[in-house]
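Notes follow the structure.
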Amino acid sequence: MLLGSTNTLRISSHGKEWEGKTLTGMPLGKVNQRVKVPASDSEGAITSKIKEMLSKVGLSVSSYDTAWVAMVPTLDSSKQPLFPKSLNWIMENQQSDGSWGLDLQHPLLIKDSLSSTLACVLALQKWNVGQQLIHKGLDFIQSNIWAAKDEHQHSPIGFDIIFPSMIEYGRDMGLNLSLNQSLVETMLLKRELETKSLKDKPSNLAYVAEGLNRLNDWKEVMKFQRSNGSLFNSPSSTAAALIHLHDGKCFEYLNSLAKQFGNAVPTIYPFDIYARLSIIDTLEKLGIDSYVSEDKERVLDDICRCWMQGSEEIFLDPTCCAMAFRLLRMNGYAISSDALANFDEKEKLLHTKDIKAMLELFKASQLEICEDESALCRIYAWTSNYLKEELVNGEIPDKSLQAEVDHALGHPHASMERKEIKNFIENYNADKVSLLKTSYRFCNANENYLLAFSFRDFNMYQSMHREELDDLERWVKQYGLDKLKYARQTIRSAYFSITSSLFQPNHSDARISWAQNTVLTTVVDDFFDFSGSMEELLNLIELIERWDEHTTIGFKSKEVEILFNALYGSVNDLADKAYIVQGRCVKRDLIDIWIILLKTMLKEAEWARDKNVPGMDEYIENGYISFALGPVILISLYLMEPLSEEVVTSKEYDNLFIHASIIGRLLNDRVTAKREFAQGKLNSVSLQVVGSNGAITEEEAKEEVTRIITSHRRELLRMVVQTEGSIVPKSCKNLFWTMSKLLHLFYMSEDGYSSPTKMLSAINAIVNEPIVLP
């Protein structure tokens with residue numbers, strides 16, 4: 001990862017790669033205090049606080065970087081500090097134990113304290129001030145120098161190069177460090193080995209330029225100077241360059257920091273883009289971004305402008321670039337993935353063991369919307385392999401990040417949003433600290449407050465969801481659907497499938513529709529497959545076609561009567577609700593959706609009866625409809641927001657449905673091929689094998705099915721994120737994408753929908769088990 005990431009980083013024990021991880025588990029009450037959202041806080045008050053966080057994010061002061069800035073002499077004399085206010089800040093901000101740095105008291109951040117303290121001591125010694133402070137600082141270093149060789153300590157980036165070099169600087173200044181000579185020699189040797197290991201990585205060496213002293217080729221270092229005059233947006237690296245070269249652009253950069261921050265500087269600047277992206281990402285993961293949707297859009301508008309202008313802050317940082325790409329693309333911004341080609345190989349990253357960067361790149365790589373985005377395919381391949389290796393080898397010590405990586409790898413293209421929100425809330429470390437060359441944290445992003453609010457928000461919604469599920473279970477019994485012994489009983493899975501993503505209170509009717517129609521399509525499908533005679537199937541279709549005149553027809557069996565009454569009562573009820581939303585009667589539309597579905601199911605029943613084997617194209621043309629997403633999605637959409645006749649009859653609307661349905665049909669076929677073949681049912685996998693007369697194996701057929709799924713998923717996502725020329729409302733398009741992610745979840749390795757026990761823990765987590773925070 002480059003600057004701006006929220007990871008903790010350290011030099012690996014092999015001295016070849018910089019590894020990313022996030023610090024968690026701050027042990028002291030001072031750091032771990034929970035913030036409660038007052039019960040009296042209105043939604044407006046809560047929203048106001050979140051808006052404030054989005055408007056501007058501050059970063060903690062860096063004693064380490066401030067010390068390097070304080071060491072810069074005036075350009076016309078080496079006897080005066082160029083930034084005397086920074087020197088004054090150092091003199092006023094020593095901790096009681098003699099150290100400098102964030103007062104975290106974290107037992108694994110002693111190397112960070114050593115580095116910051118020695119840098120501050122050097123600044124004081126250079127200008128011959130604060131002798132008492134120097135002595136206290138040296139006492140701290142001498143008492144804690146053991147941590148410098150402790151591999152269990154979290155190491156700031158470049159510590160093994162910079163810290164021993166600062167010891168040499170101190171000796172040259174006449175400091176009496178009183179350190180064990182053997183230990184110092186060991187550190188110097190390690191520095192040499194580390195430096196040699198990075199000789200073919202000039203950017204890595206340039207980033208820790210302050211630790212290379214006379215060994216450094218400063219002209220080579222300055223090749224990495226950015227347009228704002230900095231080296232890697234790092235005040236310490238830039239200060240070191242200014243000390244040696246008196247570069248005008250370096251001076252302008254540091255002078256701008258002095259004007260903006262006054263006495264002390266952060267460890268990275270600028271950082272605004274990444275910080276605001278991080279807060280938006282956190283709001284989405286906590287499930288509370290809808291409270292500030294307009295502010296979120298304004299922030300993303302700003303970031304999109306920066307993207308279009310080629311911002312170095314975005315494009316030179318893989319974590320920032322990948323996150324910006326993901327959030328912008330999924331929120332409908334027309335941006336190219338070309339920028340990510342800079343990271344399509346692991347070796348192109350500055351820090352090649354940065355887990356957070358790898359994870360962000362992995363997530364971004366799954367957002368392919370056209371065939372020529374080959375860079376995304378390459379990124380997906382190498383990041384997935386790398387993350388799997390790190391996970392298997394136990395190389396991700398942060399448990400929260402480890403869980404996130406494990407989930408991401410296990411659920412590509414799949415999602416149950418509400419369960420992920422709950423996991424994120426339960427594992428969220430609101431007090432996380434990040435580490436570049438020194439530790440830092442966002443100082444005005446009250447993440448404890450966000451955590452407490454999301455906790456309250458989740459449990460409030462969950463109570464509402466439990467009531468809805470109770471109503472649905474009564475509905476099943478009301479129509480006698482539980483008496484259909486041949487049918488799968490799926491009300492919990494059906495409700496879970498939509499509640500996991502469409503959870504807001506204003507979508508209650510849409511959720512009810514989704515769940516009811518999921519149950520109805522399931523029992524009807526089972527009736528057509530296993531229980532109903534051809535006479536009964538035709539009877540049911542005729543009843544639906546006649547609708548209000550059904551009493552003149554009669555029922556061929558009790559099962560037909562139960563099914564029709566459930567359909568008739570439920571569709572009429574949903575049509576009445578849809579009338580309120582649409583301002584017009586759409587009952588005929590809802591009935592026609594069911595008739596179209598039943599006729600495709602009938603065709604498959606006729607194929608089975610007559611032992612006809614259709615071609616692949618004919619099978620898919622019929623099968624995407626018989627997969628039965630029509631009543632589930634299309635009727636629910638009528639209950640979400642007004643949809644004009646132009647929208648529901650448009651080619652765009654139709655294609656969204658087709659792509660989602662084909663994805664579902666083929667995902668189901670891929671995991672049920674053996675079972676359905678044994679049952680004598682048609683399947684896209686078995687059709688290929690049979691149609692080729694054995695020339696195609698089952699595995700090859702599954703690979704072809706996977707290729708088709710990928711193509712339709714890519715096209716579906718393109719349509720979902722596209723805004724130009726689109727007439728389908730964004731929330732409606734998102735529901736098709738939600739269905740795709742749910743289908744990938746249900747059919748990852750087996751038919752999870754037909755095996756509700758596989759989803760039992762997730763169902764309970766979302767509907768029955770409230771979040772309990774310590």
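Note: Cβ is positioned from N, Cα and C throughout, glycine not excepted.
According to Swiss-Prot, the protein has these features:
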| type | residues | note |
| --- | --- | --- |
| BINDING | Asp525, Asp529 | Mg(2+) 1 binding site |
| BINDING | Asp525, Asp529 | Mg(2+) 2 binding site |
| BINDING | Asn668, Asp669, Thr672, Glu676 | Mg(2+) 3 binding site |
| MOTIF | 525-529 | motif 'DDXXD motif' |
| TRANSIT | 1-35 | transit peptide |
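Location within the structure of each feature annotated in Swiss-Prot.
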residue	record	DSSP class
Asp525	Mg(2+) 1 binding site	helix
Asn668	Mg(2+) 3 binding site	helix
Glu676	Mg(2+) 3 binding site	helix
Near the motif 'DDXXD motif' (525-529), which residues from the same chain, at least 6 beyond its ends, have a CB less than 8 A from one of its CBs?
484, 486-488, 536-537, 540, 559, 563, 601-602, 604-605, 626, 628, 681
Starting from each candidate's C-beta and looking 10 angstroms out, tell me which of the binding-site residues Asp525, Asp669, Glu676 has the most other C-beta atoms.
Asp669
Whole-number answer please: how many Å between the C-alpha atoms of Asn668 (Mg(2+) 3 binding site) and Asp525 (Mg(2+) 1 binding site)?
14
Around the Cβ of Asn668 (Mg(2+) 3 binding site), the count of other Cβ atoms that are within 10 Å
21
Spatially, which candidate from the binding-site residues Asp669, Thr672, Glu676 is nearest to Asp529 (Mg(2+) 1 binding site), comparing Cα atoms?
Glu676
Would you report the average pLDDT that the model assigns to the motif 'DDXXD motif' (525-529)?
92
With every protein chain in view, how many other Cβ atoms are within 10 Å of the Cβ of Thr672 (Mg(2+) 3 binding site)?
18
Pairwise CA distance, Glu676 (Mg(2+) 3 binding site) versus Asp525 (Mg(2+) 1 binding site), rounded so that it is a whole Å:
14
Protein Cβ atoms within 10 Å of Asp529 (Mg(2+) 1 binding site), excluding its own
16
Whole-number Å value for how far Asp525 (Mg(2+) 1 binding site) lies from Thr672 (Mg(2+) 3 binding site) (Cα to Cα):
15
